[in-house]
Structure formats: C-alpha cells, structure tokens
Amino acid sequence: MQAKIKNKRVLVKFSGEALAGDNQFGIDIHVLDHIAKEIKSLVENDIEVGIVIGGGNIIRGVSAAQGGIIRRTSGDYMGMLATVINAVAMQEALEHIGLDTRVQSAIEIKEICESYIYRKAIRHLEKGRVVIFGAGTGNPFFTTDTAATLRAIEIGSDLIIKATKVDGIYDKDPNKFKDAKKLDTLSYNDALIGDIEVMDDTAISLAKDNKLPIVVCNMFKKGNLLQVIKHQQGVFSMVK
C-alpha cells in the first residue's frame, strides 16, 4: 500500500552556499541537477512546490558591509540580486528536466522574471508550476530564512523545509562534535531561546505566530525531500 502524502503545498529553502558544492564560490552544476531532480520527485507526487534560495555563494550583505565602504543597506540589496541569479539558475535546471517553472522577484526585474504577486504565485502553483521566489523580502536587514517563512505563509504552505547538509537539528554542530545529539522535535520557544541554530529569531517568531511547522533535513540524501513530506521517521527534525 502506497504511503499517503499529507502535505500538498510546501516551500523549500536552500542556502546559497549549498549551491557552491565543494567550491567556495559560484554554482556547482552537479548540485543544481541533484536539487532539480529532488524537486521533480515532489511534483510527480502532486505536491505544489515553492522555492527560496539564499545568495551566500555569490555575496552576503553582512559580509560585504564589514569593510566599512559598502553600507549594510546596499550590501543587502547586492545579496538580493545574488538570490535572483541563483533563482534563474535553478529555473534553468528545473526546465531542463521538464518542469514548468516561474521566478518571482520582490524587486522588479521585468526583463528577467515576474514581480512577486502572491495571488499569481498561488495560481502558478495550482497549475502545477514550480515557483522560485527571489530577492528576499525586497527589504534590507531581513534574511532569506525570514523571506522563505514569509512566502510560505503567504502562499499557504503546509510546512517550510530548510534543506541543509545535515540530517536535522543537533544540540551542537555535528560536523565539529562527534557527540552531537540529534533533536527530532522541539518547540518554537526552544528554538528561540536556546543556542540551537535553526533559523534567525525573526523567521522562527513568524512561523510560531502563524503555526507553520519548520522542518530541517539533509538535501543531499536522494529521495529525502519526498520522505520528509511523507513524515517518515529518522530523516528530519521538526520545530512546531
């Protein structure tokens, strides 16, 4: 008997750094292809998919502003443009394997992509298209995690998935500490007050206020995204 898929609409957040793969900068085509195939498996199972990608593989606003020459506001806008570059790359990868995809930007770039309109985004999803949201919230001082949470709420997602390099949430960095303990479930409050890095406090608070579950999972395990949505144990952690 086939497992029943519980969530019909999800938003998946990928970090820009993940797109760089083993490189320090840019886009690893192999990683891009892997992500595209994982997204395709969701679409083939009648799941409506929204995507947000960070821009850290190109530039981070906070880092750009550290030298004192570039103001933080300008640095953040530069970061927003980086997310649009990643969004267009992901669109190409998805369309290459046959998925109808739209990019919507919080900053108007009409020659490249649509401007973000939540009603239009929902209509695209209902038609089976993948929608990639670029340029963050369109405002400086907000992270792409916050942008992803905001878009997830606006389009009515059942949950937001933060796809990372680890299997879930740990009490400390599993890449540095062999005794790191995986936390399968924790509350919004625990995520806010603890030293556990899930998302920034603004994103978690927004999810809490709107009762949006946050899932953290490993993006590099083949089939893992689909398994997460089926609520199989052992492949993710959840904040709710």
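Backbone N, Cα and C define each Cβ position, glycine as well.
Computed from a predicted structure; not experimentally measured.
As given in Swiss-Prot:
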BINDING   Lys13, Phe14, Ser15, Gly16, Gly56, Arg60, Thr164, Tyr170, Asp173  ATP binding site
BINDING   Gly55, Asp76, Thr137, Gly138, Asn139, Pro140, Phe141, Phe142, Thr143, Thr144  UMP binding site
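Rounded to a whole number, the distance between the Cα atoms of Asp173 (ATP binding site) and Asn139 (UMP binding site) is 30 Å. Within 8 Å of the centroid of the Cβ atoms of Gly55, Asp76, Thr137, Gly138, Asn139, Pro140, Phe141, Phe142, Thr143, Thr144, where the record puts UMP, the same chain has further Cβ atoms from Gly61, Gly79, Met80, Gly136, Thr146, Ala147. Long-range C-beta contacts of Lys13 (ATP binding site), restricted to its own chain and to partners at least six residues apart, with a cutoff below 8 Å, comprise Ile51, Val52, Ile53, Gly54, Thr144, Asp145, Ala148, Ile160, Ile161, Lys162, Ala163. Listed in sequence order, the binding-site residues near Ser15 (ATP binding site) (C-alpha within 10 Å of its C-alpha) are Gly55, out of Gly55, Thr137, Thr143. Annotation for the binding-site residues Ser15, Thr137, Asn139, Thr164: lowest Cβ count within 10 Å of the residue's own Cβ, Asn139. For Thr164 (ATP binding site), the nearest of the binding-site residues by C-alpha distance turns out to be Thr143; the candidates were Thr137, Phe141, Thr143. Closest to Gly56 (ATP binding site) by Cα-Cα distance, out of the binding-site residues Thr137, Phe141, Thr143, is Thr143. If you compare every pair of Cα atoms in Lys13, Phe14, Ser15, Gly16, Gly56, Arg60, Thr164, Tyr170, Asp173, the residues listed for ATP, the longest distance is 25 angstrom. Sorting the binding-site residues Gly55, Gly56 by the number of other Cβ atoms within 10 Å puts Gly55 first.
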